[in-house]
Amino acid sequence: MDRLNVKEQEHLTQVLEAKQLKEYLNMYSTLTQNCFSDCVQDFTSSKLSNKESECIAKCADKFLKHSERVGQRFAEFNAKYMGQ
């Protein structure tokens, strides 16, 4: 990145920020879709039941922990690969 001029660095930063936002929104969408379809079965009420709320909380926690672990493993792999 040191070899890029200021304009190129700014463009690269914008591209990376847009990609990061897209990935975040994709993760949020996946989490929402998965947890909703796994936990919400009763559509007779406009509010979530206690059981549904607990299920969604557990589902979201599990999903986020899994995503964090995958990120850690990727970072470990990348560090090992770059060290070769």
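Placed from the backbone N, Cα and C atoms, the Cβ positions cover glycine too.
Quantities reported herein were computed from a predicted structural model and do not represent experimental measurements.
Straight from Swiss-Prot, the features:
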- 35-59: motif 'Twin CX3C motif' (MOTIF)
- CYS35-CYS59: disulfide bond (DISULFID)
- CYS39-CYS55: disulfide bond (DISULFID)
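Within the chain, the motif 'Twin CX3C motif' (35-59) has no long-range Cβ neighbours under 8 A that lie six or more residues past its boundaries.
Each residue in the motif 'Twin CX3C motif' (35-59) has a pLDDT score, and their mean in this model is 95.
Residue counts of the motif 'Twin CX3C motif' (35-59) by helix, strand and coil are 15 helix, 0 strand, 10 coil (DSSP-based). In the shown protein chains, 18 other C-beta atoms lie within 10 A of the C-beta of CYS55 (disulfide bond).
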